[in-house]
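If you look up TrEMBL, you'll see 1-28 marked as region 'Disordered'. Annotation comment: TrEMBL describes 9-20 as compositional bias 'Basic and acidic residues'. Under the heading domain '4Fe-4S ferredoxin-type', TrEMBL lists 37-66, 75-104. Annotated [3Fe-4S] cluster binding site per TrEMBL: 46, 52, 94, in sequence order. Here TrEMBL flags 56, 84, 87, 90 as [4Fe-4S] cluster binding site.
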Ligand code: SF4
């Protein structure tokens, strides 16, 4: 299952963690929701492949620890989403379609 590109309509904004928005539902450690808004990563899909982090030309992503999550115990957090230049490389390389980037979405500062 890929990230829902309509998450702003379909989910509730619960707050922020690691400097980015958290879109619920969440029930940690098993359910962590979508993180970020302009650059959004579905933590419940992310398998910590890391291609997005390696390929992003402006270093938007940073690893965060997510112990006891069923898919992976680290995730790529879009910590620097305000630097995103909308090249879409991360969206293209993610093997599990966990990332959605939309320059028109709120969250770009
Ligand atoms: S769209 Fe490009 S610049 Fe933006 S987070 Fe993805 S790889 Fe980085």
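Every residue gets a Cβ built from N, Cα and C, even glycine.
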Among the binding-site residues listed here (56, 84, 87), which has the Cα closest to the Cα of residue 94 ([3Fe-4S] cluster binding site)? 56
For the [4Fe-4S] cluster site given as 56, 84, 87, 90, which other residues of the same chain have their Cβ within 8 Å of the site's Cβ centre? 39, 52, 55, 57, 58, 60, 85, 86, 88, 89, 91, 101
For the domain '4Fe-4S ferredoxin-type' (37-66), residues assigned helix / strand / coil by DSSP: 5 helix, 8 strand, 17 coil
DSSP puts the residues of the region 'Disordered' (1-28) at 4 helix, 10 strand, 14 coil
I'd like to confirm something. Which of the binding-site residues, 56, 84, 87, 90, has a Cα closest to the Cα of residue 46 ([3Fe-4S] cluster binding site)? 90
